[in-house]
């Protein structure tokens, strides 16, 4: 088992007891076995020693909602009304996606995410075998789910559900546990109630959590009321979704009662501020969710509605927009935003040994170059990361004890090939 | 006169007639003399040829509001109520600033801004000779003003005004015209009316524009009403401020009538979205300002309230937040946000030959590395810059025909020295 020692490092641990440690970290195999001020003895026992001078180490980012393959549509349709964007731009193109497109689009996203410090991501899409295989190759940690849309004949519903079940059976726990699975009705507005109930049953049978879009737009909430007489939270509660551990994406439009229900069932919320702003969906009630004790994490959503997969940008948005919109300068503090993007992201997908630098935790961490001017003076490093830094400051990325990025270069993927193939896919998709 | 040819470049011109050009650009001395698809002949005439393959060229960013020296207080007091932040953190520290501190803090900001693609900046502060000297050294284009606070005895007011006048006389038009000056009452809430009138008179005498903070917070607007019976716009109008060409910073809290007055006097607004969000001041009515035809540009404000000086981040925020807050996905389009951060920034400070890549314009431009994954696929480059790119993608910066950054390295300033001295200043300021 490989033993690595990092010396002279500065570590943001995400452990509230010791948020910042200057000193040493030891990685053995896939786990951190030591973090502290004192050098471990004897130093000869290490296979590799890394000088951490000038580097800021912290847990990798956990991106809790996205559709990686949609990076093929980055910039293809911006600044338009949601329905026009969906109906004229996204859906026709996505309808043409082959499994090859999904593989290449996912690779492009993985490259961007990994280089930018994301060490775990959630993905809900189609052709999920391609997504899982690309994830394994890249070295990333992934929580994957075949999102099913149920607005189709019963036999198509059946086939999709069977596919989702098979995917979960095939992949949950694979790649030394780096891959986990969830079950996903795409959303209450795209799945009939009985179909959602069948998906919940499958999740019970497989003992897996649920992931779904929920209350992203005001219109969707109103449509739910018109169609079912209930707002989405009560609707999903009624269908038994929350009887499973659940992660919902967006949750922009919530009443106080709905927040209380989410808390009651320990439903986790993936807040996607960049996507919600860009699509003009609104600003989620994050301060109220936090106050109620709901576990909130951060997601980029797909690159077509963001338009990048930069978790540090989501962390910054989460720290900034709620202050500006509520008028409360302490609405979401830097530490809280950083926690949403790391430790709470991991907890949100039931990973209890990810998201913190501490002996016993998985070695999922990043190093940032602290020698950029925006890291000076050295007042408050947590503040610097949240309000000043760039994901391009990330120089090294380690996932499950394996370095996948060093000196800014991705070691697990051929960057030139991925970009070239992504461009080819896009040109083929738009050619006809 | 040096003649430089860029070949194989992709240029975002900010010229609506030809927004994107693939081809060649010629720089002679401080100006662009050619931009077009065809190669200029004969190519032997050039002193330097630059291969622009894989580079995206565009006008440099114009940062229309800030306080560069405040970078010394970056991260020193975040996530606190505005009054606590000002009274307990900012003012006591700023009160200790020596001219050396202002020089070093400004250098740190210039380093960050220039490396991040800002080619022109506005600065309102004290010890402005230091700011002007640092600006000249760095090679940046600057519009500078000694901001005066008038809550002091008459003789101190007199001294400050005399200093502001002398600064403008000494520096306006210096460094081959790279330095221009304005006259600045700090704000209506920090200057008695008669003092503002004297500053306006000085601006008339010097034939210079005005710059001031205005309507940043709801409280400030209410205080103005309580004290003077007028909201800030009418108050400044009454005092004759708008009889001079004027740039106001923030303008978050405006009525329709106030927007109409700003339009009537062609007052320019520096929108500072990052600072306004972080200090919980609110969200400016930018879509309404644009609809009314008011010239809106972008500013970072000081690094203590942002906490970086990243104009691309302000451009992105301007494009995103107004969509999310108004619910209109076309509220501020990518092109409009980019224009605010470049061409309209230049116009806002009365620079009519800056902010566009076109023959005859000043050679103030940047190059970005388009080979990052977030620039793929090549769908819409303007969208990619606004929604996907990072200021860390900036590789080269040319100001007034002179390259000040090449391959990410600043050529005009000693980066290590600046960072070291900034750290020393901060430690001395906080030591006692």
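Cβ coordinates come from backbone N, Cα and C, glycine included.
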According to TrEMBL, A:65, A:67, A:213 bind Zn(2+); identify which of A:126, A:158, A:266, A:301 is listed for that same site. A:301
Reduced DSSP assignment, residue A:94 (substrate binding site): helix
Taking A:94, A:216, A:301 as the binding-site residues to compare, which has the smallest set of other Cβ atoms within 10 Å? A:94
Where residue A:146 (substrate binding site) and residue A:65 (Zn(2+) binding site) are concerned, what is their Cα separation in Å, rounded? 13
Inside 8 A of the center formed by the CB atoms of A:65, A:67, A:213, A:301, which other residues of the chain have their CB, for the recorded Zn(2+) site? A:66, A:124, A:249, A:250, A:270, A:272, A:275, A:299, A:302
Distance check, please: Cα of residue A:186 (substrate binding site) against Cα of residue A:213 (Zn(2+) binding site), rounded to an integer number of angstrom. 6
Minimal Cβ count within 10 Å, across the binding-site residues A:65, A:213, points to A:213
Max CA-CA distance, Å, over listed substrate-binding residues A:94, A:146, A:186, A:216, A:301: 20
Under 8 Å Cβ-Cβ from residue A:67 (Zn(2+) binding site), six or more apart in the same chain: what's there? A:123, A:124, A:125, A:301, A:302, A:304
